[in-house]
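Take a look at the following structure, please.
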Amino acid sequence: MEKFSLGSENLDLRKRIAELEQELAEYRSGRGAQAHPTSNGADAAAQHTPDDDDAETAGAQDGDGAKPVRLDLDEFRRYGRQMIMTEVGLDGQLQLKRSKVLLIGAGGLGCPAAAYLAGAGIGTIGVVDHDLVEPSNLHRQILHAVDRIGTPKVTSIITALKNINPYPRYVAHNFPLSAENATDTLDRYDLVLDCTDSPQTRYMISDACVLLGKPLVSASALRSDGQLVVLNNPPGEGPCYRCVFPRPPPPESVLSCGEGGVLGPVVGTMGVLMATEALKVLLAKADRKRRRKPAHLAVADCGKAAAAGDGEASQTHDVKEAAAEERKFYMTIYSAFSDTPFKTIRMFGKRKTCQACSSGATITKESMKNGSLDYVAFCGGRGAGKYPALTKDEVVEVEEYQKLRENREGGVLIDVRDDVQYGMCSLENSINVPLATILTLPIATGDGGKHEGEETQPVPIPAWLPRDTSTPIYFICRLGNDSRLAVQRLKRSGLVKGNAIRDVKGGLWEWSRKVDKSFPIY
Amino acid sequence: MIHGEIEIRGVSESAECIMASNDTFTVLYFAAAATYTGKSSDAVPGPMPVSKLFGYLEGKYPGFRKKVLSSCALAVNLAYVDLVEDAGTEINNGDEVGIIPPVSSG
């Protein structure tokens with residue numbers, strides 16, 4: 001059975017290659033595709049040249065799929081390896097060329113996704129990003145390069161993409177996406193890839209895609225974990241980001257790759273998977289009318305039709321079956337260090353109470369555009385709200401602290417980074433108490449110290465705190481944020497009586513810049 | 001929604017010592033949930049309705065609910081479960097429950 005199906009598949013593929021080769025020969029002989037009924041790609045279209053890309057217009061004038069496209073000989077050679085796949089074919093390749101895809105974010109996800117989409121021959125590729133290339137990007141953002149550090153990511157990525165494939169039209173959107181400009185920016189495209197890095201942009205992009213009826217491929221990665229989900233697909237049917245995660249994560253738990261770290265190939269894997277999902281969404285729209293079923297499958301179908309007694313009835317049944325199958329939605333989660341790294345979660349469809357995509361949706365294009373939807377507030381406020389503001393006498397500048405250390409007045413210096421980072425580099429005579437430990441300290445309950453139904457036991461003083469009441473306590477961390485949290489938290493614990501508690505402002509980053517340039521920045 | 005967590009908390013430690021999976025279901029922690037608990041999975045004594053799981057886990061890891069669980073998606077045997085609509089769904093022993101916090105970086 002297995003042998004038979006492989007054999008016939010092989011035969012079918014050979015036939016397909018022969019067909020494509022014949023088409024190619026006809027192109028070469030100048031007869032073009034008009035002479036060949038199975039070649040639907042060459043109906044009187046101007047040949048696309050690699051140089052006619054336009055930095056501003058993404059071809060918004062074209063109706064979806066209306067623009068006739070064709071492939072030139074170089075493109076046949078370039079895309080041949082994927083075109084001979086049943087899932088692609090000439091019809092699929094033309095559909096890709098007709099498609100306009102927007103990548104939001106030219107970072108760890110955007111780079112690999114864009115590389116494969118450009119390689120696959122998407123007709124128009126837009127990229128939104130407002131950042132500049134930095135050295136810390138290069139371990140994972142594989143399309144940027146040393147000689148483009150300091151240049152805009154959008155120009156850097158397009159430079160790289162043109163080197164991979166000069167055929168697509170590339171559009172640079174060098175600005176931050178906002179609620180105000182989101183719908184206008186996304187509207188020119190057929191499909192959107194969310195390659196961003198914050199909860200607020202994820203909700204915003206999802207809302208915009210729902211409002212505009214665009215499918216959305218969304219993925220993310222942090223440390224060794226990744227998530228991938230295709231949303232609003234087909235538009236109006238599939239769940240949106242709010243359906244999957246109706247409640248945003250608490251802001252203090254949200255880590256960027258800069259804060260939490262990320263393994264290059266983990267985010268790369270997610271980006272590559274995004275490209276695959278994007279191609280699947282686009283190829284599903286390809287015109288397959290001229291496709292013939294492989295002989296052995298056609299025979300099976302005939303059998304079914306005969307059994308049903310009515311060919312047409314059986315076909316309708318098939319269509320229904322296929323539609324029902326399409327309505328399954330999945331989320332893929334990747335845990336790189338697990339023994340079974342991939343899990344696929346079966347999702348329900350839309351959430352009945354979804355603010356964005358249910359019948360009772362309250363989010364509109366107008367509310368997005370006029371800024372009445374505050375995504376930052378929805379996700380828990382500005383980043384600044386995450387860390388407490390300290391008073392002047394709770395803060396010490398790095399230069400000042402250096403002087404204190406020289407005079408042996410540096411007190412206890414507590415580095416609140418985790419043990420991995422502390423192990424990478426640390427200041428002499430500092431001790432390591434990770435923020436996570438400090439956050440578990442009890443909180444003083446006030447004068448009476450009474451807590452409903454609980455006996456008040458004297459809390460043991462942690463060994464790392466000074467026993468006297470005069471030694472000052474200084475907190476330091478990588479960038480000067482967690483250390484502020486530590487100052488606030490230790491004060492609230494009520495465990496320290498009399499000692500000054502201060503934050504070394506700007507953390508080890510500032511220390512390296514202003515006091516000791518040999519101290520590593522990472 | 002969290003009623004009943006106290007008595008469940010009471011039996012948890014001893015119940016977990018029993019290795020037999022006949023008496024427990026597995027909770028898998030992903031991303032921030034794994035970071036918060038410091039492990040990738042737990043064996044939890046079951047059966048238990050979905051609505052009580054977060055209360056139980058909060059008892060085991062104080063602060064877990066507010067800092068992580070509140071925004072998590074939940075999957076039972078690889079199928080998404082809604083905390084409100086499917087609150088009464090029973091988690092049976094031998095089941096596999098995934099705690100999936102939204103990852104937003106990239």
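Think of each number as a place in line: the chain as shown, counted from 1.
Backbone N, Cα and C atoms are what each Cβ position is placed from, and that goes for glycine too.
The ATP binding site feature in TrEMBL is assigned to A:GLY108, A:ASP129, A:SER136, A:ASN137, A:LEU138, A:HIS139, A:ARG140, A:LYS153, A:ASP197, A:SER198. Marked as Zn(2+) binding site by TrEMBL: A:CYS240, A:CYS243, A:CYS354, A:CYS357. The active site, glycyl thioester intermediate annotation in TrEMBL covers A:CYS257. Residues or ranges marked as domain 'Rhodanese' in TrEMBL: A:407-520. Per TrEMBL, active site, cysteine persulfide intermediate is recorded for A:CYS477.
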Which has the fewest other Cβ atoms within 10 Å: A:LEU138, A:CYS243, A:CYS357, A:CYS477, the recorded positions listed?
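Taking A:LEU138, A:CYS243, A:CYS357, A:CYS477 as the recorded positions, the minimal 10 Å Cβ count falls on A:LEU138.
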Sequence order please: the recorded positions A:SER136, A:LEU138, A:CYS240, A:CYS243, A:CYS357, A:CYS477 that have their Cβ under 8 Å from a chain B Cβ, otherwise just none.
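Sorted by position along the sequence, the hits amount to none.
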Across all chains shown, how many C-beta atoms besides its own are within 10 angstroms of the C-beta of A:SER136 (ATP binding site)?
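By my count, 12.
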On average, what pLDDT score does this prediction assign to the domain 'Rhodanese' (A:407-520)?
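Taking every residue of the domain 'Rhodanese' (A:407-520) together, the mean pLDDT is 87.
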Using only C-alpha positions, which one of A:CYS240, A:CYS257, A:CYS354, A:CYS477 is spatially nearest A:ASP197 (ATP binding site)? These are the recorded positions in the record.
A:CYS257
Per DSSP, what is the helix/strand/coil residue tally across the domain 'Rhodanese' (A:407-520)?
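Final tally across the stretch: 31 helix, 17 strand, 66 coil.
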Taking the Cβ of the residue listed as 'active site, glycyl thioester intermediate' as the reference point, list residues of the same chain whose Cβ is under 8 angstroms away and which are at least six residues distant in sequence.
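Correct list: A:GLY108, A:ARG140, A:ASP197, A:ALA221, A:LEU222, A:VAL267.
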Compute the C-alpha separation of A:CYS243 (Zn(2+) binding site) from A:LEU138 (ATP binding site), stating it in Å without decimals.
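Each residue's Cα considered, A:CYS243 (Zn(2+) binding site) and A:LEU138 (ATP binding site) end up 34 Å apart.
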Quick one: of the recorded positions A:CYS240, A:CYS354, A:CYS357, A:CYS477, which has its CA closest to the CA of A:LEU138 (ATP binding site)?
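Comparing Cα positions, the candidate nearest A:LEU138 (ATP binding site) turns out to be A:CYS477.
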Among A:GLY108, A:ASP129, A:SER136, A:ASN137, A:LEU138, A:HIS139, A:ARG140, A:LYS153, A:ASP197, A:SER198, which the record lists as binding ATP, how far apart in Å are the two most distant Cα atoms?
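So the binding residues stretch over 20 Å, Cα to Cα.
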Counting distance between Cα atoms, which of the recorded positions A:CYS240, A:CYS354, A:CYS357, A:CYS477 is nearest A:SER136 (ATP binding site)?
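Nearest listed residue in space: A:CYS477.
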List the residues of the same chain that sit at least 6 positions away from A:CYS240 (Zn(2+) binding site) in sequence and have their Cβ under 8 Å from its Cβ, in sequence order, or write 'none'.
A:SER206, A:ASP207, A:CYS209, A:VAL210, A:LEU216, A:LEU231, A:ASN232, A:LYS350, A:CYS354, A:ALA356, A:CYS357
